[in-house]
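A.B. asks: Would you mind keeping the following structure in view while I ask a few things?
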Amino acid sequence: MAFELASLVPKLSSLGTSDHASVVSINLFVALLCACIVIGHLLEENRWINESITALIIGLGTGVVILLISGGKSSHLLVFSEDLFFIYLLPPIIFNAGFQVKKKQFFVNFITIMMFGAIGTLVSCAIISLGAIQFFKKLDIGFLDIGDYLAIGAIFAATDSVCTLQVLHQDETPLLYSLVFGEGVVNDATSVVLFNAIQNFDLSSVNLSIALRFLGNFFYLFLASTLLGAATGLLSAYIIKKLYFGRHSTDREVALMMLMAYLSYMLAELFYLSGILTVFFCGIVMSHYTWHNVTESSRVTTRHAFATLSFLAETFLFLYVGMDALDIEKWKFVSDSPGLSVAVSSILMGLILLGRAAFVFPLSFLSNLMKKSSEEKITIRQQVIIWWAGLMRGAVSMALAYNKFTLAGHTQLQDNAIMITSTITIVLFSTMVFGLMTKPLISLLLPPQRQLSTVSSDANTPKSLTALLLGSQEGSEVDLNGQDLPHPPSLRMLLTAPSHKVHLYWRKFDDSFMRPVFGGRGFAPPAPGSPTEPGP
């Protein structure tokens with residue numbers, strides 16, 4: 001026994017020595033995350049430089065220091081991995097987006113959001129891909145086939161609206177915030193689904209049959225992912241409502257909600273669906289049913305826990321992107337032709353601007369045609385902000401580019417290296433430049449007086465059906481001033497305000513069938529310590 005222990009000590013010591021570098025890297029990275037939080041807090045008042053830009057700048061500064069210390073060999077603390085991004089960092093960000101979203105605003109504007117997020121992404125992808133085919137062949141950057149060009153379109157069609165959302169206020173500009181937020185999530189999901197569909201198809205010889213199969217596979221992934229997320233959310237609501245863990249332990253409630261949320265994402269990956277869409281709609285369903293079935297302490301805990309995990313994941317990503325921008329391993333492949341790399345980045349940035357404008361303004365015009373109320377129409381100033389919000393590129397574009405153009409985190413060919421460095425350049429440029437200009441642009445186009453007048457105009461029309469559906473109350477049937485709102489004939493209302501009519505029918509169906517089975521506000525079981533426990 002003593003011999004076994006003695007032989008085990010050298011093994012443990014050698015293991016500790018080999019892992020020491022990893023421990024040092026993790027310590028430094030955690031310290032940098034703390035620095036991002038502290039500096040972000042100090043810069044919170046002016047809101048000119050948000051957390052995303054702060055993390056990027058700290059990442060760039062850290063990369064410079066590491067380059068100097070290592071003699072120009074490396075700028076990394078950790079090695080980037082698409083699996084790290086897609087499996088561990090992305091799920092909490094997207095789930096929290098669905099969990100915190102104002103559902104009424106999201107679903108009242110659902111048609112417009114889907115037009116921007118799904119159709120708009122396809123339009124943007126097509127324009128970027130066609131433009132890349134035309135310009136890149138003239139630049140002769142290397143061998144790229146049709147699948148590569150379509151993948152480039154999907155990569156750079158993925159937006160990052162974090163900077164804009166940090167400046168917009170959900171209560172002051174509810175329509176604009178809902179459109180920018182909803183489109184951002186649907187856009188990311190559409191880009192990833194489109195990218196995966198491109199990867200899974202042989203597009204070397206495109207014909208009508210392959211195109212139809214491609215579109216069918218795309219819409220199948222979209223619908224199946226949404227249904228899987230809703231089903232997982234409903235399952236969690238049913239389990240917690242029937243068993244009611246809160247009577248014994250709120251820890252079990254919180255743990256089950258977190259694990260079921262993550263399970264929805266991993267199930268989507270298991271069945272080759274879109275984990276982004278799945279976990280987003282799982283978050284929406286959980287916030288509508290499951291969250292109301294747990295105790296009050298669990299509600300507070302889950303809301304803050306999901307928000308904290310999402311915030312840390314976002315900060316981690318921007319911090320790493322800043323350091324990765326200085327990775328000498330990628331830049332040495334393009335050092336012989338820096339002008340070519342600049343040209344590729346400039347062309348892609350121009351195509352992003354064009355592709356964004358090509359769908360924002362036409363789709364906004366179509367959306368306005370479907371709306372009768374002037375308060376619901378998207379003004380030209382709001383359209384400019386929506387266009388601007390989608391110009392920034394972030395972690396999703398980085399992860400997709402790594403997936404397509406690198407092997408184990410390293411580039412092997414010059415054309416691949418050019419695409420990776422161009423992606424890094426665009427992410428840095430768009431986040432830093434467009435992000436810094438977001439605040440003054442919104443202040444110019446939507447001054448505080450205009451924002452306040454919008455809120456007051458909504459508040460002055462309490463008897464309109466729009467105010468009922470956009471209100472902050474969660475009740476299924478709400479009376480204003482003790483009176484029922486008059487309902488116009490069903491056919492006329494369905495034609496003039498289809499989303500409102502669908503929403504009204506959904507509320508009736510939800511109250512009659514869904515809430516009694518899956519719980520929700522007003523239907524939690526009256527158990528000791530439960531949210532609906534009657535007072536003494």
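Cβ atoms here come from the backbone N, Cα and C positions, even for glycine.
These came from TrEMBL, pasted as-is:
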type     : residues : note
DOMAIN   : 31-442   : domain 'Cation/H+ exchanger transmembrane'
TRANSMEM : 20-40    : transmembrane segment
TRANSMEM : 52-71    : transmembrane segment
TRANSMEM : 77-99    : transmembrane segment
TRANSMEM : 106-129  : transmembrane segment
TRANSMEM : 218-240  : transmembrane segment
TRANSMEM : 304-323  : transmembrane segment
TRANSMEM : 343-363  : transmembrane segment
TRANSMEM : 384-405  : transmembrane segment
TRANSMEM : 417-437  : transmembrane segment
A.B. asks: Return the stretch with the most CB pairs under 8 A relative to the transmembrane segment (52-71), choosing among 20-40, 77-99, 218-240, 304-323.
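C.D. replies: Result: 304-323.
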A.B. asks: Taking a Cβ cut-off under 8 Å, which residues six or more beyond the ends of the transmembrane segment (343-363) line up next to it in the same chain?
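C.D. replies: Distal contacts: 112, 115-116, 119-120, 123-128, 131-132, 135-136, 139, 141, 152, 156-157, 383, 386-387, 390-391, 393, 418-419, 421-422, 425-426, 429-430.
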A.B. asks: Cβ under 8 Å to the transmembrane segment (106-129), counting only same-chain residues 6 or more beyond its ends: which ones?
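C.D. replies: Distant Cβ neighbours of the transmembrane segment (106-129) are 149-150, 152-154, 156-158, 175, 178-179, 181-187, 189-191, 194, 222, 284, 348, 351-352, 354-356, 358-360, 363, 366-367, 370, 378, 386, 466, 469-470, 498-500, 503, 506.
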A.B. asks: Counting Cβ pairs under 8 Å to the transmembrane segment (20-40), which of 218-240, 304-323, 384-405 comes out on top?
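C.D. replies: The stretch with the most contacts is 304-323.
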